[in-house]
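Colleague: Would you mind keeping the following structure in view while I ask a few things?
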């Protein structure tokens with residue numbers, strides 16, 4: 001059995017670690033809310049672009065939403081474990097943090113490796129959407145119109161991409177290519193936007209996905225602090241229990 005003075009020295013250490021870990025867990029919980037919000041924002045703001053990408057790329061917002069939800073639940077569990085000062089719960093918390101960190105690390109690596117595939121996928125699907133375009137609009141035609149209206153662009157590389165489509169042969173350029181609301185006759189190249197959409201879309205996606213990647217990387221690194229704190233508090237509690245015995 002340890003001396004009373006030894007136990008008195010251990011208790012302030014435990015109290016200190018508990019306070020710091022509670023603050024950390026609250027901030028960690030907030031990052032989960034941020035990731036959840038970023039995932040929802042990405043799903044809404046990039047929906048038109050994602051509709052012209054392959055299924056892997058469209059899963060990105062859902063991955064962020066799922067990760068944010070897991071972090072919120074994990075943060076709640078971590079707060080409970082810290083308040084209870086339970087050594088085994090804190091070890092479990094550290095293990096979950098490690099697992100989530102590894103998943104985020106793998107996801108970041110996969111996203112970096114396949115970033116060129118996303119570009120090629122968008123370009124191929126956009127070209128396909130132009131060839132199959134109809135003004136009454138399936139979801140891809142609607143996405144093309146939305147992108148061209150919003151970004152004031154026309155075609156993939158430039159407006160001439162439309163000249164190879166069936167729609168152009170029948171009706172000319174779509175209204176979404178027009179500089180003004182009405183550009184009749186719709187075969188007049190001077191009345192449509194000349195710039196293509198591909199470069200503009202890629203600039204937006206890279207910019208917004210860069211924000212997402214930066215936030216995700218920051219959250220992942222922040223988890224390392226939590227792993228360290230949870231492990232240290234667990235050790236301190238375990239040592240204190242041995243000292244009492």
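Positions of Cβ are set from backbone N, Cα and C atoms, glycine also.
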Colleague: I'd like to know whether residue 18 shares a side of the membrane with residue 88 - going by the topological domains in Swiss-Prot.
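Modeller: Swiss-Prot topology: residue 18, residue 88 on one side of the membrane.
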Colleague: Examine the transmembrane segment (20-40) against the transmembrane segment (209-229) and state whether at least 3 Cβ pairs sit under 8 A, considering only residue pairs 6 or more apart.
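Modeller: In contact, yes.
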Colleague: State the residues, same chain only, that lie 6 or more residues beyond the ends of the transmembrane segment (94-114) and have a CB under 8 A from a CB inside it; answer 'none' if no residue qualifies.
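Modeller: The answer is 56, 60, 63, 67, 70-71, 74, 77-78, 213, 216-217, 219-220, 223-224, 226-227, 230-231, 234.
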Colleague: I'm checking region-level scores; what's the whole-number mean pLDDT for the topological domain 'Cytoplasmic' (1-19)?
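Modeller: That stretch averages a pLDDT of 64.
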Colleague: Let me know how many other Cβ atoms fall within 10 Å of the Cβ of residue 134 (N-linked glycosylation site).
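Modeller: Excluding its own Cβ, the number within 10 Å is 13.
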Colleague: Counting by DSSP, what is the helix, strand and coil composition of the topological domain 'Extracellular' (115-208)?
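Modeller: For that range the per-state counts are 59 helix, 4 strand, 31 coil.
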